[in-house]
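Remarks on the structure that follows.
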């Protein structure tokens, strides 16, 4: 702690001797006098670029070019027509307008401190560019300054809009290019000629030195306070020198303090160098630690792959993967563990390639996914429909595979529109004898997750969770929409499965769209199967094999399910 205090004091001394008194700069401008560019008087706080910085503030720097005063701002360049130092207004004109070359003003006014607009006649109009011509509109005023301009007959078309224009009056084909200041309260009903006539007179903004004076005053107070503190700390040394050492007469005191300054600078430099080297060493140590952790993760994955030779995984380098996906250009979707891209093997077979994000589980995500996919060695998952694929995951492998993330984004279609179950990042392996399994936390996508994953009193977690997700996905396919419709006109339509049930119960499935008779039967069959799958209690839901039989049966043979009780609890 004492070392830190000493270092702080040394840095304080160094800073106070290194930086000049800020009050000096505020006094120097009195010796700069006034300058003229054309008929514009330029004095503090304004200054020309050729003058010393102490003659004015940086934000008030002007340029004199061809005997005309230019105010360069981040929004564009403006001619200075007049500066009043009594009531502090400045008259500006867009350089484009001042050149008289049919140009359209594209410079927005400076809306940042220390400039303000306090004139009641001041307003801001929008300059918009449109890809299509707008005729017979009282809101859109043509912004072309010259009627013979070649750009007036071809896109983009430019228009002026008053700042009070409602958002509903903005066309989608138009974009705002600039906010142009004008000394008119409103431009509605004016012609382009009237607008340009007023623009050529310029516009006024108010400026103030109080903003900068406040900043310098605060800086003055801080520095003077630190100087007083330093003088107080050095007072005992000064008294000792003057009272006990005759060598340090008045003409030698200044030289002594000069030496103190040099010593402070030297010590400060050593401390800064030490700090810099310490930061470098810290970065190297952190990098080495991360590298060791990464190598440990690689070793764990490597050992897993070596112990699972029966999976026969094929290795690809990152460059090969990048070549397969054409530089990761075609993104199919985004999941919680990474992004999925479309790729193609050398044989021409299209594949989905998942690029993992930085893993938080030391490679366990990767191992989990490889182990799950490695146990799927049946053509059903990639060649048959979604229902058959899920059924196979549950009963067709040597272990029971629960997907836990069945949703439209995870069902891919090949060139023949054959569905394929994908993304096994959340999948878990269980014994086929386990009817109820345990999970430490809910997993899946909200909207497709079974209620027992949240509410333990409903029932145990099992393969019925995938059945529920499949039912919700069927609902989305039936209605071509999300299952929760917050913008529905009627409250009964907010929860879509409930609305579907009412349509089925009334025999009015045709309301889903313009359907033919055979399409109506298919829709009704899918709806009944979906409603069975999304029953509140897991015990009321069918297995995937029974759900598959429903989809393959005649609709007349299907029994109407109970109305999903969960719909009554949806807000």
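The backbone N, Cα and C atoms fix where each Cβ goes, glycine too.
Range annotated as transmembrane segment by TrEMBL, chosen from 233-259, 260-286, 287-313: 260-286. Cβ neighbours within 10 Å of residue 354 (ATP binding site), excluding its own Cβ and spanning all shown chains: 18.
Mean pLDDT of the predicted structure over the domain 'Protein kinase' (257-558): 75.
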